[in-house]
Amino acid sequence: MEKSRPLWDNPLQFVFACISYAVGLGNVWRFPYLCQMYGGGGFLIPYIIMLIVEGMPLLFLELAVGQHMRQGSIGAWKIISPYLSGVGIASVVVSFFLSMYYNVINAWAFWYLFHSFQDPLPWASCPLNSNHTGYDEECEKTSSTQYFWYRKTLNISPSIEENGNIQWEQAVCLILAWLLVYLCILRGTESTGKVVYVTASLPYFVLIIYLIRGLTLHGAVNGLIYMFRPKIEQLANPKTWINAATQIFFSLGLGFGSLIAFASYNEPNNNCERHAIIISLINSSTSIFASIVTFSIYGFKATFNYENCISKAILLLTNYFDLEEGALTADNLDSMKDYLTSTYPNEYAALLPQIKNCSLEAELDTAVQGTGLAFIVYSEAIKNMEVSQLYSVLYFIMLLMLGIGSMLGNTAAILTPLTDSKFISTHLSKEMISGIVCFINCIVGLVFTMEAGNYWFDIFNDYAATLSLLLIVLVETIAVCYVYGLKRFEKDLHLMIGHKLNWYWKIMWAFASPVLIISLFVFYLTDYIRTGTLQYQAWDATQGQLVTKDYPSYALAVIGLLVAASTMCIPLGAFIIFIMKRLKRNVSTLE
């Protein structure tokens with residue numbers, strides 16, 4: 001079904017849309033986390049290699065397919081071969097799963113944004129207990145920022161087996177988040193083009209403000225040194241390379257169908273090769289830029305905690321041993337500890353459990369993954385800044401823009417195949433289709449606002465897309481190179497971009513990228529087999545920390561269904577087409 005007109009007013013709008021979709025929350029939290037975990041500056045080496053081998057070629061492939069076929073993911077792969085219609089359906093299913101839970105992050109961002117106008121910030125200190133005789137016991141065992149996240153925001157249950165009730169505050173925020181998404185796509189994907197300029201550019205404005213502020217914070221240099229000091233030994237760790245590859249894979253949004261949907265609205269002669277390179281480089285540069293901002297804040301947070309630890313140790317030792325004021329300093333603390341140990345061995349031994357080992361390196365080594373980085377670490381750093389309310393508002397508006405930008409791409413991957421369908425589009429208006437999609441996702445998303453909702457969120461985040469996307473993109477690459485034909489595709493591209501295809505793209509598509517994807521696929525399967533029973537992190541309020549628990553059998557069943565629901569679309573789609581053709585052939589023979 002040919003598009004009546006291009007969606008994008010100009011090629012720049014298309015680039016902004018892709019950047020708005022690709023540059024998301026993963027650039028702000030997942031890349032800095034991986035950079036910290038796998039060698040700081042040393043992680044950049046495999047990351048850049050994977051960008052060249054995997055990121056740019058596969059992005060170019062999807063943009064070219066969408067632009068040439070001028071269809072959403074289902075229609076595009078059906079044109080290449082009827083047996084491949086299941087690939088597009090699998091992409092839509094994955095995007096549907098992603099939309100179900102991803103907008104919950106925007107709901108959390110709204111929740112924090114609304115609380116950012118309070119003075120002091122509600123996560124700045126622990127609340128008093130019911131008797132007003134001290135601080136809340138759970139909060140004292142952890143920290144004020146973790147308490148606000150796990151108790152006030154999530155009101156999390158002790159395990160996934162205790163679902164609890166829907167938290168109405170979070171439910172309202174989720175409804176608001178979906179209402180915002182609906183307003184952005186009110187007239188189907190056409191209105192998306194008017195929003196992407198804001199969702200793509202505003203986060204950079206906020207990141208620049210945070211960069212300027214972050215670099216002026218006390219201890220920021222410690223974080224930057226930690227980031228750029230490479231741990232070369234991590235290059236020998238296979239997981240470093242695997243995580244570099246998957247970060248490129250997911251941050252560009254490959255396999256979801258969103259990029260194919262966006263490109264399907266391009267002019268046929270749009271230079272998608274140039275745009276693939278630009279979008280890939282901007283995406284990766286944003287990850288590095290966001291990491292500089294993040295590690296400057298890491299350094300501030302770690303230095304603040306380290307100096308606070310030193311101050312508490314000095315105060316404790318000074319009071320206990322009745323030392324002269326100023327006798328203990330940060331510089332002579334270690335030597336004074338040795339002196340007190342030898343002079344007052346019994347007294348020091350009795351006091352030892354109360355004295356923490358203060359280490360700046362240990363503070364910098366403490367990493368929090370995923371939503372924890374976005375909502376715990378940043379909020380902890382924000383509370384210690386001057387004019388903390390201002391920086392809090394700016395930060396959570398940035399998270400909202402990043403989240404909404406990604407949601408526009410996710411919903412476009414769902415809406416474009418639906419509006420491409422003659423049957424659906426003749427019976428329902430674009431506004432109605434968009435409304436139904438948002439309503440269904442919102443209703444299902446209420447599951448994530450329950451007391452056990454965060455555990456289900458982690459299940460969807462960890463398993464709804466990982467193996468599915470690997471299989472989808474692998475089949476896409478094989479389909480273009482060996483079903484449609486690389487030489488045929490090369491001729492199509494020549495007509496679109498105006499010059500012959502570079503040898504680099506052909507080698508990556510035909511050999512390097514498929515081999516890499518198969519390697520990733522094998523790694524995930526072997527890692528799962530080696531790990532055995534799947535586990536999750538549950539919040540233990542009595543200890544004030546996360547504890548590891550095994551998933552119950554019904555949760556494992558849901559994980560299996562999430563993986564199977566999308567991956568099985570590919571062979572089932574081919575099988576159904578095969579059966580239909582055989583039946584049609586038999587009918588023709590009988591006639």
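Each residue, glycine too, has its Cβ placed from N, Cα and C.
As recorded in TrEMBL:
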type	residues	note
TRANSMEM	12-31	transmembrane segment
BINDING	A22, V23, N27, S251, N283, L402, S406	Na(+) binding site
TRANSMEM	43-65	transmembrane segment
TRANSMEM	86-114	transmembrane segment
TRANSMEM	166-185	transmembrane segment
TRANSMEM	197-221	transmembrane segment
TRANSMEM	241-265	transmembrane segment
TRANSMEM	277-298	transmembrane segment
TRANSMEM	393-415	transmembrane segment
TRANSMEM	436-457	transmembrane segment
TRANSMEM	463-486	transmembrane segment
TRANSMEM	507-526	transmembrane segment
TRANSMEM	554-579	transmembrane segment
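Locations of recorded TrEMBL features on the structure.
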residue	record	Cβ contacts under 8 Å, 6 or more apart
A22	Na(+) binding site	S251, L252, G253, I279, N283, G409
V23	Na(+) binding site	A200, P203, S251, I282, N283, T286, L402, G405
N27	Na(+) binding site	S251, N283, T286, S287, A290, L402
S406	Na(+) binding site	S20, Y21, G24, L25, Y102, G253
Intrachain residues whose Cβ lies under 8 Å of the transmembrane segment (241-265), provided they are six or more past its termini: 3, 6-8, 14, 17-18, 21-24, 26-27, 30-31, 34, 37-38, 43, 46-47, 49-51, 54-55, 58-59, 62-67, 69-73, 76, 88, 91-92, 94-95, 98, 189, 272, 279-280, 283-284, 287, 406, 409-410, 412-413, 415-417, 465-466, 468-470, 472-473, 476, 516, 520, 523
Check: same-chain CB within 8 A of Na(+) site center, minus A22, V23, N27, S251, N283, L402, S406: I19, Y21, G24, L25, G26, L252, G253, T286, S287, G405
Neighbour tally for L402 (Na(+) binding site), based on other Cβ positions within 10 Å of its Cβ: 29
Positions whose Cβ lies under 8 angstroms from the transmembrane segment (393-415), at least six residues beyond its ends: 17, 20-25, 27-28, 72-73, 91-92, 95-96, 98-99, 102-103, 105-106, 109-110, 112-113, 116-117, 177, 180-181, 184-185, 188-189, 192, 195-196, 198-200, 202-203, 206-207, 209-210, 253, 256-262, 374, 378, 382, 430, 433-434, 437-438
Recorded stretch that, among 43-65, 166-185, 277-298, has the most CB pairs under 8 Å to the transmembrane segment (197-221): 277-298
For the transmembrane segment (436-457): best-contacting stretch of 12-31, 86-114, 166-185, 554-579, by Cβ pairs under 8 Å: 166-185
Touch test for the transmembrane segment (277-298) and the transmembrane segment (43-65), at least 3 Cβ pairs under 8 Å: yes
Cβ-based contact of the transmembrane segment (86-114) with the transmembrane segment (43-65), 3 or more pairs under 8 Å: no
Cβ packing number for S251 (Na(+) binding site), 10 Å threshold: 23
Annotated stretches the transmembrane segment (507-526) and the transmembrane segment (166-185) touching (3 or more Cβ pairs under 8 Å): no
Distant-in-sequence neighbours of the transmembrane segment (463-486), which means Cβ under 8 A and at least six residues beyond its ends: 58, 61-62, 65, 77, 80-81, 84, 87, 90-91, 93-94, 97-98, 101, 246, 249-250, 254-256, 506, 509-510, 513-514, 517-518, 520-521, 524-525, 559, 562-563, 566-567, 570
For the transmembrane segment (12-31), sequence-distant contacts whose Cβ falls under 8 Å of one of its Cβ atoms, 6 or more beyond its ends: 105, 192-193, 196-197, 199-201, 203, 247, 250-253, 258-259, 262-263, 265-266, 270, 275, 278-279, 282-283, 286-288, 290-291, 294, 369-371, 373-374, 398-399, 402-403, 405-406, 408-410, 412
N283 (Na(+) binding site), number of other Cβ atoms within 10 Å: 24
